[in-house]
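Under the heading active site, proton acceptor, TrEMBL lists Asp27. Marked as active site, proton donor by TrEMBL: Glu189. Residues or ranges marked as domain 'CBM6' in TrEMBL: 303-425.
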Amino acid sequence: MALAIVAAIPSPARADNPIVQTSYTADPAPMVHEGTLYLYTSHDEDVSVNNFYTMNDWRLYSTTDMVNWRDHGSPAGYKTFRWGTGDAWAPQGIFRNGKYYLYVPLNNATGAKIGVGVSDNVAGPFMDPIGRELAQMGSGNIDPTVFVDDDGQAYMYWGNAQLRYVKLNSDMISTSGSITNVSLSGFTEGPWFYKRGSLYYMVYAAIAGSEKISYATSNSPTGPWNIRGDIMGPGRTFTNHAGVVDYKGHSYFFYHNNALPGGGDFKRSVCVEEFTYGADGSIPSISMTKNGPTAVATLNPFAQVEAETIAFSSGLKTEVCTDTGAGMNVTNISNGDYIKVKDVDFLDGVTSFEARVSSAASNAKIELHLDSETGTLLGTCDVSGASAWTTKTCEVSGGSGKHDLFLKFVGGNGDLFKFNWWRFTGPTMP
């Protein structure tokens, strides 16, 4: 009897790594703002040119539960900066003064430089407020990381091979004083600078065949730095780039590997792990996993859920949406593809389902399954015949309590439809 009771207890929902499957992503830069964790990333194109990094824009994702991630599209690209000629490499976003600042590396005819964009919206569009580079010194001007200290002073670190920093003025788009080189043994690139308690952290990529992630700490924002050791060993791509953040009482370590189908050195994928600091502020050794962290909140299916809010998916892409409200929608939907969302709280069950769709084939349907692609069927929604954006409503039943939800797409050959959002109704509404 005891065994039967234990078996009936559902395991906690965990994130699926990589956390984004609709694009290749790298260089994660988390930012917590107003209860939401935002994640700026770089974006490896599906087709690599000259067998090298092909990166034209940056991407933004968000979560409130650490398992379901919403795609906000591209907030900026290298063409945002007229003085840049390419290579949208590792970014970082910061909120200050009621505005969002995006710090990015860019190339032009005279080498790599650090630029800054500004926007009134976390998802952009960002604009170039100064029309030139923010900082440059010698070579290796990539991978900016910015932190605003408790006294209001902002610092920007960056570099490849040589770590350096400069103070930023309160306007966040100009520098104060000279650029300073920093001595940090083993440093290669990809710095991530932050403070926790009274301790300053510098997390960075170091060479070990391919890159590992190491860290150092200091009692001052400008060092000297005490090397504390390695966090993550070499992975399956030559590069790695970490981002570290606390959110809802938990600590998270973001990184990238090549775990998506077709992945490689130039087609990378962002992942996340939860960890716990030691009493002395130390960061433990962290392994790459397929599961990731557990959920810190449930998903409400009775509110409108953007279709591009995904825990895991198969075969899909996203694009800028033409429907009212803009945003993004899911596209490239074929027979057998699916979206999984995790830890959905259906309360006392559901009675109807709405889906906002367009460009639908004549036999397009959405099957709504619990806990797996072939799990309990809540219902099947026929969305065929919707050429313009249309809301389709279908009767469903069941689904009380917390479950993972699989939206499985069925139909004939070719693209089935475009998908903007969905929601349920039920006897008990939150």
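Glycine is treated like the rest: Cβ placed from N, Cα and C.
Annotations in TrEMBL come from automatic prediction, not curation.
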Roughly how many Å lie between the Cα atoms of Asp27 (active site, proton acceptor) and the residue listed as 'active site, proton donor', rounded to a whole value? 11
All-chain count of other Cβ atoms within 10 Å of Asp27 (active site, proton acceptor): 30
Residues near Glu189 (active site, proton donor) in space but at least six apart in sequence (CB under 8 A): Gly140, Ile142, Asp143, Gly159, Asn160, Ala161, Tyr204, Ala205, Glu211, Thr239, His241
Go ahead and report the DSSP secondary structure tallies for the domain 'CBM6' (303-425): helix first, then strand, then coil. 0 helix, 70 strand, 53 coil
